[in-house]
Amino acid sequence: MVSKKTILTPLLAAGALLASSSVFAAGPTAETLAGTCSACHGYQGNSVGIMPSIAGSTAEYFTDTMKAFKSGERKATVMGRVAKGYSDEDIGKMAGYFSQQKPVGMKQSFDRTDAALGKKLHDEYCEKCHEDGGRNNEEGPVLSGQSKLYLTYSMEDFKMSHREGPKKMSKKVKSMVEKHGKGGVDAVLNYYASQQ
Amino acid sequence: MSNFNRRDFLKISGGLAVGATVVGCATNLGGAAKARVVVVGGGVGGATAAKYLRMMDPAIHVTLIEPNKHYHTCFMSNEVLSGDRSIKDIEFGYAGLAGHGVNIVHDTVTGIDAEKRMVKTADGDSFMYDRCIVSPGISFTWGAIEGYDAKVAEKIPHAWKAGPQTVTLRKQLEAMRNGGTVVIAAPTNPFRCPPGPYERASLIAKYLKTHKPKSKIIILDPKDKFAKKGLFTQGWKRLYGYGTDNSLIEWVGGAAGGKVESVEANNMVINSQVESIKADVMNVIPPQKAGKIAFSAGLVNKKGWCPVDVATFESHIHKGVHVLGDASIATKMPKSGYSANIQAKACASAIVAMLNEKEPGVPSYQNTCYSIVGENYGISVGMIYKYSKAKNLVTPIKGSGGVTPKDASMETLKREAHYAHGWFDNITHDIFG
């Protein structure tokens, strides 16, 4: 027995609504496009897995990265295949969306001793561009709170020229490794991972 | 909002004069709701849709009806079989959704009255809706393989819905002698997770290679090709001696008589078109169709799947009812967890627009499926799609997507395996978090 009155008039005008083409001309919205990323890059771009968080990327960095994947200039596992599916307009919309999202540091394990050394090394070699302990995104990606494994992969990619980086960065990394060994890089990455 | 279920509501409101038959009265559930959406099924599609509806428009009252207290993801369930994960690692509850204000009801839906806009449950309750989302998953076509039915499946598991049967199959593998034969009967198209049976063979081989290396896996397949076949066989050659006399994996395709005709459960014998195999462990994956509720609600076509508008996922049969995930016909998207997650977002977005008297937006779809072939060895297939209105198709965008290149380095394959695990962490958080 159902006696409840209908609270709302069911909205059945979908057919009529769909007849208009204005929405279709504009393509998918930024939110819709961003929604296709979150299964891998986390809800609203904040990853809880090893994929990088893309929340808080500047629009410029996001766009440049997607274009580098698209052209093959930056080597990747799946992102080369994925980026080719989005137009420059789509990428622009996604860039706008993710630049507005607040980055949240990923919960992950790290070595405390390494992280303490890493902070010192970061201040000496990295802080000039990656300001505020890697939180600042003006000169590149947000480093603080990123997956340590992803950052390790990124450093390998820079080394193998699978990814283009600024010349000053390779110089700085080189001089850090000369002085502190490979462990220096790992220490810095532990420092970024410690920012949760 | 905590997990506010119907009984709490009835308790608080003193049982109400109308009794237990009418529930989901949005105005009595704290604040005036704009509209009510009832989501049937708390798997990937249903849970994502419920969460995103609340995120997109908190004024919409969302009730999710799901019989089980927990959901076990099918994706990564093959790692339970290899012993790399426990069943708890693929188990998710509904507290996250309740935190988003979704009203969670643990009950079984028995029918949907599209005329009255009402969902009925086994407990005898009725839920009124303005829009209904059905994400029923799959059910099995029993009788397609002689001697294999739901009862036999308790002993010879399909494990194609993750959960107790996954645990059973793992235990059987653990109990098997070194030198035993595992037979996997792969299903006909279309079915849930096209690369799944082959990832399963890979991960069982991974376990056997270390623990029972004299054993063998035989895949009996009615098909002549399968998802990522070139990449799987390449991986099997590298890791499991595929193609040699000592191979851990043997694949018998349709042309070679791989179609399974009958199962003799008591003798543990499986009969294909050309041979009878005495097995130590059998995993029979039957042909599939839409989940049960899709049938009782009359949402299926003759082939047993649900035709929908692929922009809004509204049923072509019943207006006001949307069908998502594996049960829906969303050609050319594969029946995968990623697809269900994306379809749920497209559907939620369309429903929010409709309930706000706006035109639904243009959807965008993606699918990426990772498969683990072995230790530090992952492969993937991906595609970006667009909505093709004229044909009602989800159309692949030319030049995008594709599979892991055949010449990918071991470093790349290692990263793909790590990213597969990262994908699991993120998609489950996106769905249930």
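Indices start at 1 and increase along the chain as displayed.
In case you wondered, yes, glycine gets a Cβ from its N, Cα and C as well.
Where the annotation comes from TrEMBL, it is an automatic prediction and has not been curated.
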The heme c 2 site in TrEMBL includes A:C126, A:C129, A:H130. Which of A:M94, A:M160, A:M169 is also listed there? A:M169
Among the binding-site residues A:C40, A:H41, A:C126, which sit with their Cβ under 8 Å from a Cβ of chain B? A:C40, A:H41
For the domain 'Cytochrome c' (A:113-196), what is the mean per-residue pLDDT, to the nearest integer? 95
Sorry to bug you, but what's the C-alpha spacing from A:C40 (heme c 1 binding site) to A:C129 (heme c 2 binding site), rounded to the closest Å? 28
How many of the residues that make up the domain 'Cytochrome c' (A:113-196) does DSSP mark as helix, as strand and as coil? 56 helix, 0 strand, 28 coil
Tell me which residues of the chain lie with their Cβ under 8 angstroms from that of A:C126 (heme c 2 binding site), as long as they are six or more apart in sequence? A:G134, A:L143, A:K172, A:V188
Whole-number answer please: how many Å between the C-alpha atoms of A:M169 (heme c 2 binding site) and A:M79 (heme c 1 binding site)? 23
Which one of these binding-site residues has the most other Cβ atoms within 10 Å of its own Cβ: A:C37, A:M169? A:C37
Among A:C40, A:M79, A:C129 [binding-site residues], residue with fewest other Cβ within 10 Å: A:C129
A:H130 (heme c 2 binding site) to A:C40 (heme c 1 binding site) - Cα separation in whole Å: 25
